[in-house]
Structures are given as structure tokens and as C-alpha cells.
């Protein structure tokens with residue numbers, strides 16, 4: 001960049017939103033003020049600076065002898081997510097008038113707060129150059145997203161570490177517009193420690209407190225997991241109470257969840273506890289002395305992992321809010337701060353130690369570099385940003401195979417007998433299907449699943465199918481969030497607490513969904529079958545066992561412990577036959593394929609199964625299909641067994657109608673057509689009149705398990721919530 005002409009002053013607007021960003025901006029403001037021949041300074045104050053509950057910290061700006069050109073009240077109270085959004089909106093409404101009046105050449109914006117995003121957005125849209133301080137860093141929560149969004153709006157960047165500089169370059173920012181200066185606050189930190197500090201310690205913590213014998217606590221809400229961060233704060237306070245050292249607790253910032261954290265403080269009586277001093281704000285000069293001579297600092301503030309390293313003070317960083325920050329050896333991370341004991345143990349490990357001073361974030365000379373950088377800005381340069389994208393291979397042609405590629409899913413069905421994998425298109429067409437016997441051991445089964453999926457994925461390329469992900473349907477209780485089979489049916493051995501998602505995802509490099517076969521049948525009906533477009537319906541699977549799935553308000557119900565829709569275990573008789581679940585009288589004990597096989601064997605052993613026109617080869621096991629065949633050929637006892645089974649299923653459906661009141665019940669599986677008429681008869685006889693008109697139909701889907709497994713993948717790609 002060309003050097004700016006000396007006879008033209010650069011009009012710089014510095015906007016500060018809170019106590020934290022002012023500590024970084026103040027050294028720059030002092031530097032600008034010291035060179036009036038080069039700069040004109042306008043100060044805009046907004047955000048929590050102007051709120052009494054957060055200390056009215058605009059006063060420290062006045063005490064530093066800066067003229068505040070504009071005060072903007074931009075915070076919508078509520079301290080929740082909606083209030084943060086509304087605060088950004090309010091700032092966007094008010095800032096244009098201010099910027100039109102001030103007409104700055106450049107605006108200096110710091111960090112990653114939601115207020116700063118409003119500032120950067122306003123300046124960018126009003127064609128005002130933006131200098132962003134502390135871009136390129138990585139921390140955690142929503143702050144990362146906001147910081148990187150401001151980076152893309154900013155024209156110039158001042159970063160603090162070599163890693164941050166590399167991140168900015170990786171984000172396609174122009175290397176010529178990036179200054180590696182260090183953190184401006186370090187200019188003050190590295191010259192601050194030798195001042196008279198005992199008077200400051202006594203003022204804030206009491207006359208009886210000694211250096212290195214107290215704790216500073218500063219913890220903020222984590223906006224992406226407010227509930228957990230409040231719980232973590234509660235555990236922190238409990239640990240500090242148990243640790244029994246004098247502690248200075250600063251109130252949290254204004255992010256969503258801060259109000260609840262203050263309630264936790266007051267519920268525990270922190271403001272009146274003899275070991276605690278709870279304050280809304282400490283001036284930065286005094287805060288420096290307090291952390292420099294503390295026995296430990298605890299919390300999740302960026303100050304702990306950045307500034308405190310300059311003094312070698314021990315720090316305990318709790319949770320994920322600063323998870324990506326570069327830190328010195330003085331920082332002990334407690335990522336999962338989920339118990340009081342963990343935090344208490346960390347306090348015992350860290351308290352009273354002295355670590356080497358760290359200069360990761362600065363060497364004390366940031367401000368002179370920043371002022372020199374500002375002087376070099378050429379206002380005659382085009383305002384439009386240019387991004388430095390890495391070279392990309394030119395693609396001047398299109399491939400017809402790519403244009404005609406079929407979006408598809410890999411569907412896996414783990415049955416008691418067979419293991420099936422299919423390529424399923426977006427329209428529900430099974431492009432190709434593979435079937436193998438389901439092995440008896442875990443090792444053989446997982447290896448076969450991986451082998452079949454790899455082969456199917458390779459075949460999909462030849463078939464011009466683009467695989468979007470893998471969906472797995474399996475028997476038993478499944479945690480679909482983690483992709484884990486919690487407990488399998490007795491038909492699939494060695495299949496409890498099995499993580500299916502990780503090995504498949506690692507092997508195929510595709511997203512993987514897993515769910516119970518009954519739920520998959522319901523998903524198949526929702527996307528491809530008779531449940532399409534319906535808000536509420538229930539699917540019952542009649543096969544080897546009895547299962548099902550419930551769709552309520554268009555979404556699948558899993559239940560609090562992933563046990564919803566175990567419809568086969570609705571009890572329809574208090575003294576019925578034993579069920580595989582350990583109870584008796586369940587629908588499954590009457591109407592499942594296993595139950596019919598049991599009854600068929602009894603009849604066969606008593607020579608009462610076979611009728612004229614029937615035979616069972618000696619090497620063939622008697623099963624449910626033989627019972628159905630006998631009933632069709634007039635075997636009265638077989639007909640009675642099927643009627644009893646259908647009645648049990650019908651009573652279960654009546655219970656479902658009375659409980660869920662769906663608009664449709666879909667019977668799926670190989671036995672559905674044999675039960676449908678009996679089920680409808682039972683509904684007419686037993687159900688309340690208000691639900692007797694609910695339609696009960698037989699599914700017309702041939703492969704509900706495979707289609708349901710595929711729908712988990714295909715619904716996600718069309719942004720359907722699952």
C-alpha cells in the first residue's frame with residue numbers, strides 16, 4: 001500500500017461495546033490521540049457499556065479523558081438468544097445515522113461480539129473501510145462464526161499470533177492487508193506488574209488477603225449450550241465454596257444465559273458469603289494487578305487464556321468456550337467440567353503455582369505497529385475487497401454422466417436371518433440389492449456389513465448413482481442420535497451396545513444414520529407409502545416379531561429412552577402365552593411369526609396340522625406359512641389360531657387408536673394381509689365410536705425396512721428434520 005499523504009488526516013472511528021473490547025482498543029485510542037497531526041478520533045460507545053447492571057463502564061472511557069461522540073443504547077434486555085438478535089437489529093437501525101454524521105475514513109472493530117457484527121455490517125454496507133482487531137483466532141461457540149463473519153466484511157486485519165495470521169490467509173484474505181502486531185492490551189500488561197498492587201488487592205478483597213492467596217473467577221454463558229454452561233457455573237461455585245479461599249467473582253457478560261447465571265450466584269448467596277466478593281466491573285488497570293498476583297484464575301473468559309499468560313498466573317479454563325485458543329503452559333483445561341470433584345481437583349493442582357510468563361499474544365509493541373499500519377492506508381485505493389482464492393483447475397466442459405447422476409442412498413437391513421444392502425434412488429426405486437446370510441458373531445457381521453457396503457458403493461459409481469449417505473435398519477432398541485444399537489432382539493446375537501455409525505462412516509467417508517426397523521417402516525410410509533403427507537399415523541410390522549413406528553405431527557417419535565412404539569409388547573391378555581420380552585399376553589406372543597410357528601409345531605406334533613393337499617418335507621421346519629396354508633385349506637384349528645392372533649392384534653390397534661388417535665393405521669409385513677379383516681372387525685366391536693372411522697390399511701411397500709433406511713438419508717438431503 002502507498003503511504004498516505006501527511007497533509008490529510010485519517011478520520012478514525014473506534015466503536016467499543018463492552019469492558020473487554022475496551023481493554024484492547026484503549027491502547028490504540030491513546031496512540032491515535034497522541035498523534036493529532038495524523039489522526040482525528042471519534043469514539044462511539046454502545047452495548048453493555050451503557051447498562052447499569054454491567055457497571056456503566058462507559059465511565060472508564062470518560063475517566064481516560066476520551067470525548068465520547070455518540071452513545072447508542074442498543075441492548076434489548078432479556079439475556080436470551082432472541083434478545084441478542086434483537087440487539088443486533090436495534091444497532092443496525094441506529095448506526096446509519098451516526099456513521100452518516102461522523103463520516104469516518106475507517107472504523108476499528110474488535111473481536112467477536114454480536115455488537116461488533118452489527119458495527120461491521122453497517123460500515124461495510126455504507127462503504128466505510130473496516131480494520132478488524134483479533135481476526136483469525138479460534139475459540140468456541142458462536143463467537144467463532146461471528147469473528148470469521150467480521151473478517152469477511154473487514155478490509156484490513158490486525159492479528160495477534162502467527163496461527164491467526166495463517167488462518168486469515170487460509171480464509172482468502174489479502175496478505176498485504178494483514179498485520180501481525182500482537183495484542184494491544186499486552187502493551188499495557190507487560191509494563192504493569194511492578195506497580196503498587198497490595199492496595200488494589202485490599203480494596204477489592206479485604207485487608208487480610210495476601211498476594212497469591214486468592215482466586216479470580218470470571219465465567220460467561222456458552223450461547224450454543226446455555227443449560228450446560230449454567231450447570232457448569234453452579235458446579236464451579238460449589239467447588240470454590242469447598243476450596244475455601246477468598247475469591248473475587250466478576251459478573252458474566254451480557255450474552256444469552258447471563259441472567260440465569262446471576263440467579264445461580266444469588267441462590268448460593270455468593271454476594272453475602274464471607275469468602276466471596278462479587279462485582280460487576282473492575283477497571284482494567286486494577287484488574288491487571290488482581291490477576292497478576294492471584295493464586296489462580298478460573299472460568300472461561302478469553303482473558304484467562306490470553307492476557308493472564310503474560311504474568312504466569314495459573315489458569316483453569318472450564319468447558320468449550322475457549323477450546324480452540326492458543327495457550328501457554330499456565331492453562332489447565334477442564335473440557336468436561338461436569339462434576340464438582342473435577343473442578344476442585346483442578347483447583348488443588350493449580351492454586352499457588354507460578355509458571356513462566358508467556359508472550360504468545362504479544363511483545364508489548366502492538367500499538368506502534370498498528371499506528372504505522374493505519375498511516376500506510378491509501379484512501380485512493382478501490383474500496384471493494386479482493387479475496388485471494390487458491391488456484392482452481394478450470395472446468396470448461398460438463399460431463400453428461402454427472403448431469404444424469406442419480407442421487408441415491410445405501411440402505412442396510414439387518415434381519416434375524418438375512419443381511420441386505422441396497423442402492424435406493426430418491427424416488428424410492430431399488431436400483432440394486434445384495435443379500436447374504438446374517439452371521440452369528442459380531443466380528444463376522446460387522447466385517448460383512450463393511451464389505452457389502454464398500455462393494456455396493458463401488459457398484460453405484462458404475463450405475464451412475466451418487467451415494468449421499470448410509471441408512472441402517474436393525475432390530476432392537478437404537479439410539480439414533482449416536483448411531484448405536486443399545487439392545488438387540490434375541491434373533492440377532494452379539495449385537496448390544498454396538499456403534500454402527502463410526503466404522504461405516506470411517507470406511508465409506510459418508511454420513512450414517514441408524515434406527516430401529518419398526519421406525520424405519522414408518523419412515524418408509526411417510527416418504528414413499530400411504531403415510532405420505534399425513535400428519536399423524538401409526539405403522540405396525542407383522543413379521544418374525546411385531547414392531548412399529550409412530551409419526552406424530554409429521555415427525556417420528558423415539559421416546560425419552562428410544563423405546564417408543566414397541567407396539568408388539570402391548571399386553572392384550574393378563575393370562576396369555578409367554579412373550580420373548582419376559583412378560584406374557586403381549587401382541588407378539590399371539591400374532592408374530594414366531595408365535596404362529598409355535599402353534600403350528602404343536603398342531604403338527606399332534607398330527608392336526610396337515611389336511612388334504614398339504615405336505616411338509618422331512619428336511620423342512622414347520623412354520624407360520626404352513627399354518628396359514630392349512631387355514632386356507634379348511635383346517636378349523638388353524639383358522640381358530642389365526643383368528644385369535646388377528647384378534648390380539650386388533651385389540652392392540654384399538655389401544656393405539658385410544659392412545660394416539662392417528663388418522664391412519666398401516667399394517668406392514670408378510671402377515672398383514674392375513675390379519676386385516678379380523679383387525680377391522682375388532683375395531684368395530686371394541687373401539688370407541690369416535691375412532692371407528694380411522695382407516696386401517698395394508699402397506700403396499702415391498703421393502704419397507706430398506707426404503708425406511710434410505711429415507712433417513714434422503715430426507716436429510718432435502719432438509720427434512722429427522
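Heads up, the Cβ atoms here are built off N, Cα and C, so glycines get one too.
Computed from a predicted structure; not experimentally measured.
According to TrEMBL, the protein carries these features:
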type: DOMAIN; residues: 38-375; note: domain 'UDP-N-acetylglucosamine 2-epimerase'
type: BINDING; residues: 477, 489, 517, 566, 588; note: N-acyl-D-mannosamine binding site
type: ACT_SITE; residues: 517; note: active site
type: BINDING; residues: 569, 579, 581, 586; note: Zn(2+) binding site
569, 579, 581 filtered to the binding-site residues whose C-alpha is within 10 Å of residue 489 (N-acyl-D-mannosamine binding site): 581
Beyond the site residues 569, 579, 581, 586: chain residues whose C-beta lies within 8 Å of the centroid, for Zn(2+): 568, 571, 580, 582, 583, 584, 587, 588, 589
Distance [Cα-Cα, Å, rounded] between residue 517 (N-acyl-D-mannosamine binding site) and residue 586 (Zn(2+) binding site): 19
Residues near residue 586 (Zn(2+) binding site) in space but at least six apart in sequence (CB under 8 A): 546, 568, 569, 570, 571, 572, 576, 579
Recorded N-acyl-D-mannosamine binding residues, 477, 489, 517, 566, 588 - maximal Cα separation rounded to whole Å: 16
Neighbouring C-beta atoms (10 Å sphere around the C-beta of residue 581 (Zn(2+) binding site)): 15
Residue pair residue 477 (N-acyl-D-mannosamine binding site), residue 581 (Zn(2+) binding site) - Cα distance, angstrom, rounded: 12
CB within-chain contacts under 8 A for residue 566 (N-acyl-D-mannosamine binding site), separation at least 6: 518, 547, 548
For residue 588 (N-acyl-D-mannosamine binding site): intrachain residues, at least 6 apart, with Cβ closer than 8 Å: 545, 546, 568, 569, 579, 580, 581, 594, 595
C-beta crowding around residue 517 (N-acyl-D-mannosamine binding site), within 10 angstroms: 26
Additional residues surrounding N-acyl-D-mannosamine, by Cβ distance to the 477, 489, 517, 566, 588 centre under 8 Å: 475, 476, 516, 518, 545, 547, 568, 569
Other CB atoms, at most 10 A from the CB of residue 477 (N-acyl-D-mannosamine binding site): 18
Cβ neighbours of residue 579 (Zn(2+) binding site) where a neighbour is any other Cβ within 10 Å: 22
